[in-house]
Amino acid sequence: MQTSYMGLFLFFSMLSIMTYATSSKNLLPTIPFDEGYTPLFGDNNLVLHSDGKMVHLSLDERTGSGFVSHDLYLHGYFSASIKLPSDYTAGVVVAFYMSNGDMYQKNHDEIDFEFLGNIRGKDWRIQTNVYGNGSTNIGREERYGLWFDPVEDIHQYSILWTDSQIIFYVDNVPIREVKRTESMGGDFPSKPMTLYATIWDASDWATNGGKYRVNYKYAPFVAEFSNFVLHGCAVDPIEHVAKCDNAQSSKMVPSGVTPVQRIKMDNFRKKHMTYSYCYDKIRYKAPPSECVINPKEAERLIKYDPVTFGKSRRHHGKHHHHGSGSQEEAASF
Ligand SMILES: *[C@@H]1O[C@H](CO)[C@@H](O)[C@H](O)[C@H]1NC(C)=O
């Protein structure tokens, strides 16, 4: 490595550490668990900490566990701090998401953060996804590594959902922006949704397409949730009108990606994105209409996984062994 290149490399490493390190404070008021959420399943595998502000969700041989928001929301900013289970977590999935699947079986909406466990020594990966009006035949998954180890400490994961965009944040760094386009039609989530957090056994697909199953020798797998922010337009279940939370704090709700944040987002995606449906040649002969193809991103992903993102579409049997087996994981959604 030439010294000038090395210097540049160090400079950018420092820069990215600095940009990630700033502004990780959560300025919006957080609420106690009971104020916003209620247990959903898993009985004793959901444990509320005595301060009422922290919950442990665990997965063991018997069951996973989860909780759900009292209210349905049409748009808003939703956030939780999460610490993921450590050690061997292959096959384990932790999810923080919005859905209305229980109300609309055929045409539900969904906005997902999913955390995919891994074998020992390999880090958790994050997946984001969006479905609108039952468009589950078009998966819009992206996957990323992180710039920290999510089992060491809590980190904040947030979803901003408006009628024109969806932004996913990690520690206030936007990592993905989904802009509503005309051509997406109903594929952009547009009906009220509930918030959920769950931990479950996804042995069949989570780690290398089911190669590594959950090993209950390492159970219980415990995920910690705290710093709950539910800042949205709660929908009256009977009258179906949305009442937005227009308190003082709404000034602290982001309204979009700022120019400074865009630089951080681009840096994050350049460095940490490992899968994007927009570039998956095996699943989509032509990228879905909302995709904005970035040639540099395409090139980087091809190097990372030539089978999924490469140019050749002739041989795509199910049994190639390479990289992280990404398209197999994705296909099972
Ligand atoms: C959503 O799906 C329903 C049922 O399939 C359909 O009638 C409706 O037109 C769709 N809405 C949009 C906005 O595409």
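Glycine residues also receive a Cβ, built from the backbone N, Cα and C atoms like all the rest.
Marked as signal peptide by TrEMBL: 1-21.
Around the Cβ of Glu110 (active site, proton donor), a 10 Å sphere holds 20 further Cβ atoms from the protein chains shown. Under the three-state DSSP scheme, Glu110 (active site, proton donor) falls in the strand class. As annotated by TrEMBL, active site, proton donor applies to Glu110 (among others).
Under a cutoff of 8 A between CB atoms, and with a sequence separation of 6+ in the same chain, the neighbours of Glu114 (active site, proton donor) are Val93, Val94, Ala95, Tyr97, Ile126, Gln127, Thr128, Asn129. Residues or ranges marked as active site, proton donor by TrEMBL: Glu114 (among others).
Under the heading region 'Disordered', TrEMBL lists 311-333.
TrEMBL lists 311-323 with the feature compositional bias 'Basic residues'.
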